[in-house]
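I have placed the structure first, in the form of structure tokens, so that the comments after it can refer back to it.
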Amino acid sequence: MNINVAELLNGNYILLLFVVLALGLCLGKLRLGSIQLGNSIGVLVVSLLLGQQHFSINTEALNLGFMLFIFCVGVEAGPNFFSIFFRDGKNYLMLALVMVGSALLIALGLGKLFGWDIGLTAGMLAGSMTSTPVLVGAGDTLRHFGISGTELSSALDNLSLGYALTYLIGLVSLIVGARYLPKLQHQDLQTSAQQIARERGLDTDATRKVYLPVIRAYRVGPELVAWTDGKNLRELGIYRQTGCYIERIRRNGILANPDGDAVLQMGDEIALVGYPDAHARLDPSFRNGKEVFDRDLLDMRIVTEEVVVKNHNAVGKRLAQLKLTDHGCFLNRVIRSQIEMPIDDNVVLNKGDVLQVSGDARRVKTIADRIGFISIHSQVTDLLAFCAFFIIGLMIGMITFQFSSFSFGMGNAAGLLFAGIMLGFMRANHPTFGYIPQGALSMVKEFGLMVFMAGVGLSAGSGINNGLGAIGGQMLVAGLIVSLVPVVICFLFGAYVLRMNRALLFGAMMGARTCAPAMEIISDTARSNIPALGYAGTYAIANVLLTLAGTIIVMVWPGLG
């Protein structure tokens with residue numbers, strides 16, 4: 001039996017789609033030196049190659065892909081977007097505006113200089129900024145801008161072509177810039193990170209290991225009684241001196257949870273909770289009594305929970321003000337917008353921040369109720385909320401405003417982004433509403449993006465050879481300019497107008513470009529995860545602005561429509 005693969009794939013859109021995805025994901029795992037191609041570029045390359053062979057896919061699959069992707073971007077940005085936008089992020093907002101705004105203006109100028117149409121120009125902007133949201137926003141706006149069928153088809157093909165020709169240019173140039181730009185300015189990033197660490201008490205150890213606290217029991221000996229000198233537990237401040245706290249005391253066969261007024265006596269058996277290294281550093285006064293192996297005394301369930309900051313008595317407070325250790329809890333991580341932050345007593349908590357806390361289950365529950373709620377560990381997605389807000393986003397995108405003969409609408413991309421932000425924000429404030437496990441959210445987001453990339457590659461593949469011959473050199477120059485010049489402008493603005501700390505500034509610049517590989521290079525150069533503070537500050541805002549940039553570049557293009 002002979003099987004015609006070409007006819008088989010052309011006759012089955014679903015099969016073609018998953019063949020493109022599988023081959024593209026395999027290609028994306030390849031590395032060029034220290035740079036991995038990545039899933040997006042892998043799928044794009046495979047789809048372009050198959051597109052040259054005149055394979056095509058249903059455009060509805062492409063539309064669904066970009067809708068799922070942009071909605072999930074909004075859900076991820078939602079928990080911290082408003083707090084950054086309205087309160088904590090004036091500098092970060094301005095940096096993101098400078099980065100995206102300058103790139104938009106430069107792209108418009110280069111597009112007109114080289115005589116390109118809106119499709120090539122918007123695609124070049126998206127590729128040079130390595131930003132799929134720009135591509136999504138521009139494509140959606142083109143479809144709803146009243147352009148004729150032939151002109152629309154050409155613009156969409158050129159949009160994909162421009163993106164494909166400049167994506168690697170944008171990615172590689174930014175990674176190279178992230179490695180060498182810090183060396184061209186007079187302040188060393190490592191020194192800048194150490195400086196702000198001293199000012200704010202930051203833990204600059206980016207490779208800090210996290211351990212669960214353990215419980216061990218000791219019998220109180222004469223040395224420990226003499227050390228206490230008749231003081232109660234509150235006066236002793238045992239945690240400050242040892243890194244451990246007393247969870248239980250057995251006295252005369254009676255087991256009790258001590259309060260601050262308890263005084264240790266000879267023969268007491270005490271259960272100490274702390275990290276392993278804290279136990280190892282205990283003064284001999286604690287260990288000279290015989291270690292006790294008492295099942296009841298040691299019966300304690302240590303848990304680690306992710307606590308979401310919500311309550312007004314925690315939002316806006318510094319970490320030190322929570323006094324977690326006074327409540328028998330240990331802080332392992334602070335996560336903001338899916339980015340791990342340095343553990344700093346002076347970090348001001350935002351609504352939606354996630355604190356990873358360890359300790360006795362009862363104590364962790366108490367502290368969680370005081371500052372917010374324990375993140376649900378269910379693997380069940382609230383599909384009703386997901387679908388409802390998706391519908392709301394589509395309806396927002398249908399709204400149009402008429403000004404004389406000119407009409408303006410948000411489009412599906414902006415509508416879904418806004419609806420996703422609202423869902424993410426409400427999820428951060430209401431523990432029982434709209435829960436989507438991070439794994440499920442990442443899977444839907446990644447799948448939507450891959451479907452979208454497959455669609456744009458298949459539609460643009462037939463014209464890529466002509467495009468390379470006619471405009472390849474121009475695209476190379478334009479891609480480098482749009483990728484690097486806004487970064488330099490952003491650096492000058494942040495360094496000499498906002499006068500930001502260089503470690504925070506470079507992190508914020510990479511956040512404004514939403515480029516995680518470049519962020520890793522900045523952290524390595526600084527030998528610190530302090531730049532993550534700046535990255536988190538601009539990342540959520542930049543995702544929104546980049547989507548809007550794709551819409552704006554189409555709307556302001558002269559003579560369109």
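Quick reminder: no glycine exception, Cβ is built from N, Cα and C everywhere.
Under the heading transmembrane segment, Swiss-Prot lists 8-28 (among others), citing sequence analysis as support. Taking Cβ pairs closer than 8 Å, the transmembrane segment (8-28) reaches residues 36-47, 50, 55-58, 61, 450-451, 453-454, 457-458 in its own chain, all 6 or more past its ends.
Counting same-chain residues at least six beyond the ends of the transmembrane segment (32-52), those with a Cβ under 8 angstroms from any Cβ of the stretch are 16, 20-21, 23-26, 132, 163-164, 167-168, 171-172, 175, 446, 449-450, 453-462, 464-465, 517. Positions annotated as transmembrane segment by Swiss-Prot, on the basis of sequence analysis: 32-52 (among others).
What Swiss-Prot records for 66-86 (among others) is transmembrane segment.
Feature annotation from Swiss-Prot assigns transmembrane segment to 94-114 (among others); the stated evidence is sequence analysis. Among residues of the same chain six or more beyond the transmembrane segment (94-114), those with a C-beta under 8 A of the stretch's C-beta atoms are 120-122, 124-125, 128-129, 471, 474, 478, 481-482, 485-487, 489-490, 493-494, 498, 505, 508-509, 511-513, 538, 541-542, 545-546, 549, 552-553, 556-558.
The list of residues near the transmembrane segment (158-178) in space but at least 6 beyond its ends in sequence, with Cβ under 8 angstroms from a Cβ of it, reads 35, 40-41, 44, 48, 116-117, 119-130, 135, 138-139, 142, 456-457, 459-460, 463-464, 467-468, 471-472, 475-476, 478-480, 482-484, 487, 506, 510, 513, 515, 517-519, 521-522, 525. The annotation transmembrane segment is assigned in Swiss-Prot to 158-178 (among others) on the grounds of sequence analysis.
Each residue in the domain 'RCK C-terminal 1' (202-288) has a pLDDT score, and their mean in this model is 78. What Swiss-Prot lists as domain 'RCK C-terminal 1' is 202-288, and the listing cites sequence analysis.
The domain 'RCK C-terminal 2' annotation in Swiss-Prot covers 292-373 and is backed by sequence analysis.
Sequence annotations record features per position, and here Swiss-Prot assigns transmembrane segment to 383-403 (among others) based on sequence analysis.
Taken from Swiss-Prot, the feature transmembrane segment covers 406-426 (among others), and the record attributes it to sequence analysis.
As annotated by Swiss-Prot, transmembrane segment applies to 451-471 (among others).
Look at Swiss-Prot and you will find 475-495 (among others) tagged as transmembrane segment, backed by sequence analysis.
A Cβ distance under 8 Å defines the sequence-distant neighbours of the transmembrane segment (540-560), meaning residues of its chain 6+ beyond its ends; these are 70, 73-74, 76-77, 80-81, 84-85, 89, 92-93, 96-97, 99-100, 103-104, 107-108, 112, 118, 121-122, 125-126, 129, 131, 133-142, 145, 147, 337, 408, 410-411, 413-414, 417, 421, 511-514. Here Swiss-Prot flags 540-560 (among others) as transmembrane segment.
Long-range Cβ contacts of the transmembrane segment (383-403) within its own chain (Cβ-Cβ under 8 Å, at least 6 residues beyond either end) map to 67, 71, 74, 140, 409-420, 422-423, 433-434, 436.
Across the domain 'RCK C-terminal 2' (292-373), the DSSP tally of helix, strand and coil residues reads 18 helix, 32 strand, 32 coil.
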